[in-house]
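Annotation comment: Swiss-Prot describes 87, 296, 316, 355, 372, 432, 484, 491, 531 as N-linked glycosylation site. The annotation signal peptide is assigned in Swiss-Prot to 1-19. What Swiss-Prot records for 20-570, 628-642, 704-731, 786-789 is topological domain 'Extracellular', and it gives sequence analysis as the kind of evidence. Positions annotated as topological domain 'Cytoplasmic' by Swiss-Prot: 592-606, 664-682, 753-764, 811-843. Per Swiss-Prot, the feature transmembrane segment maps to 571-591, 607-627, 643-663, 683-703, 732-752, 765-785, 790-810; the stated evidence is sequence analysis.
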């Protein structure tokens, strides 16, 4: 025997063990004869603690528990819908709907009504291999109102494919059609209720909440869905979550329950959270809110789940207005014409009893006090609008429209025939009709896409006790705000419930503890920014070409800094370079014109042109220092200028050495001097120095790169300094060191030859040039070690131009002066006389 067969066998045993139905004459609140019967399961009396009475095979007596006004209101809605359909000529014409309704005591009485509905008129449920031709006494069941009961009943009805349309059970478990193939509902699932709550809290910027749940499946499942939803977003944090004690029916609060309530309220008093979300049946909240009043809580926001959001009994505790603002999620408000009068109508409808139907009663089909108690709450129920009532009303109409299709009804009559539950179930999935302006149908999960309302409790005499303030659409998953909220706070201000206040723009969140909603705000430092859509807890660094100030939410492009033409230093240096170029060109022409004269020969002859040409080229290449650096300009700075300068220095140095050799070494070391001159020692020296310099420069460039880069100005991060690669500075320092060595050598040789004939005594001119070169190079090295940025470029350019000017004017200037203004001294006779005078002084 399989598990399903064993379950059915157990159900049959239970059916025969339970009390037998009793024959009843006439109609009542719980019975109405008809051609097709609907079963109705409602909570008229509530026992929130499910006690298993099956252990001693007795059905609980529901009227021993507290009456639930809303439950009777919903039962009246089913009666009203059936009576309205029976009086309608366009829907099921000529067909009478009947009903059998049972009080399920919330949780205590679920199995017996399910078996009762499945049995036949003679209280018989046969064991068959095929139930496709089996006719239980009802074709569909409306209810019950809570998820636990709905699941219990569905586990029974699903074996027989009896359609079950619940009007208030929101658990997501019912969406599993493999487990609950016959379950449908006219209310959105718990996921949508939770989403509406979360969007409400996000709208009012409440990110620090307390969650209170009942100790049952309803509380646990909904709190789990809420926690899961909040974990996915991280926008809202739960300060703490507690379980509310479930009271025994008709019993005083036990000491352990009182201690549990006191502990919850003490934590609630000490927390900074001011928003409390409660998932619990309303009967579990009476003791809790009485304690809330006793503790004098004020300024809280209480968010109600659908199970107690529109409960008139809790609302009747008018002192609750002093504890804060009550908000709740419930089904949309749809006014049902005529229902408010029907709810408290005492007369019973009279219809002819079909011949094949014999009425009977079963347990928990009585509620003597229901009408009187409901009358006392009629004003609240009428003003609140028919919310869950419409869910019952639409469920009955969904079954009626399905029967209308199955019976092939036209405008005047229907074809009465046997309707099996599985036929009704198959057809009800395709039903689509308009009821009181709403288009109703079931989606693939069996849910009817009804709107949800966010309501606020009001206590004014003329006010709607459950005023709608917002609407939520399950299809769009969006909350639409339709009115303002009357906050029970000073100056009607929105209550604040935040672990930490929102950070200002440009401030990141530094978590405190385990909750992401608890943090301190830290300013994003310069060079970083905060993009909240990407990461609220870390400041992001700006790209290299961009910058930001403190507390910025975006980066901006930095200003590029380089040597520009319109700047004063550039203009001054350019003028000096132009003068140098012109003067060098003039010297070149003068020396070319007087190439055969003793003055030009004593200055070095052909070697003079070896100096003047690099000088001329160097002055002409000065513009490469101006403008954004490029690979070519960096190459010129690092290679061209330093090679030209080294050629000039090496020529001056070797020229000083050669003059000393002529007058000092020729007599003492004639063979060495002869070797020096025979193998063109001066040119070899210049070529060697040039080759060494070229090798150093090439090695430096190959080791790194000469590409220009942008670097942050240390004095102003908003500026990017465009310059050559930092290696350029290292190479410049190294090359300058070599030039300093040549300057020292040239100065030394010039000093040794200070006693030579006047025409050959170039000590003071070379000393001037070398001293200037030495001083400027030292200054440049010192400046580069201290400063950075465009100033280094300006200083480098200025030193380069001045060094070339010092060589050009310091070395060649006096000679041009003598050639142009003292031509009598530029003769061989004059030079010979000076040499003879020097020889006579030394002899």
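Backbone N, Cα and C define each Cβ position, glycine as well.
Locations of recorded Swiss-Prot features on the structure.
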{"residue": "87", "record": "N-linked glycosylation site", "DSSP (3 states)": "coil"}
{"residue": "296", "record": "N-linked glycosylation site", "DSSP (3 states)": "coil"}
{"residue": "316", "record": "N-linked glycosylation site", "DSSP (3 states)": "coil"}
{"residue": "432", "record": "N-linked glycosylation site", "DSSP (3 states)": "strand"}
{"residue": "484", "record": "N-linked glycosylation site", "DSSP (3 states)": "coil"}
{"residue": "491", "record": "N-linked glycosylation site", "DSSP (3 states)": "helix"}
{"residue": "531", "record": "N-linked glycosylation site", "DSSP (3 states)": "coil"}
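The two recorded residues residue 491 (N-linked glycosylation site) and residue 296 (N-linked glycosylation site) have their Cα atoms spaced 20 Å from each other. Ranked by Cβ pairs under 8 Å to the transmembrane segment (790-810), the stretches 571-591, 643-663, 683-703 are led by 571-591. Taking the C-alpha atom of residue 432 (N-linked glycosylation site) as reference, the shortest distance to any of the glycosylation sites 87, 296, 316, 484, 531 belongs to 87. Here the candidates are the glycosylation sites 87, 316, 531, and by Cα distance the one nearest residue 484 (N-linked glycosylation site) turns out to be 316. Broken down with DSSP, the topological domain 'Cytoplasmic' (592-606) shows 9 helix, 0 strand, 6 coil. Between residue 316 (N-linked glycosylation site) and residue 296 (N-linked glycosylation site), the C-alpha separation comes to 18 Å.
The glycosylation sites listed here are 296, 484, 531; among them, 531 has the most other Cβ atoms within 10 Å of its own Cβ.
The average pLDDT for the topological domain 'Extracellular' (628-642) in the predicted structure is 77.
For the glycosylation sites shown (87, 316), fewest C-beta neighbours within 10 angstroms: 87. Proximity of distant same-chain residues to the topological domain 'Cytoplasmic' (592-606), defined by a Cβ-Cβ separation under 8 Å and at least 6 residues beyond the stretch ends, is recorded for 651, 655, 759-760, 811-812, 815, 818-819, 825-828, 830-831.
Cα-Cα distance from residue 296 (N-linked glycosylation site) to residue 531 (N-linked glycosylation site): 43 Å (rounded to the nearest whole number). In this structure the alpha carbons, written CA, of residue 87 (N-linked glycosylation site) and residue 531 (N-linked glycosylation site) are 64 Å apart.
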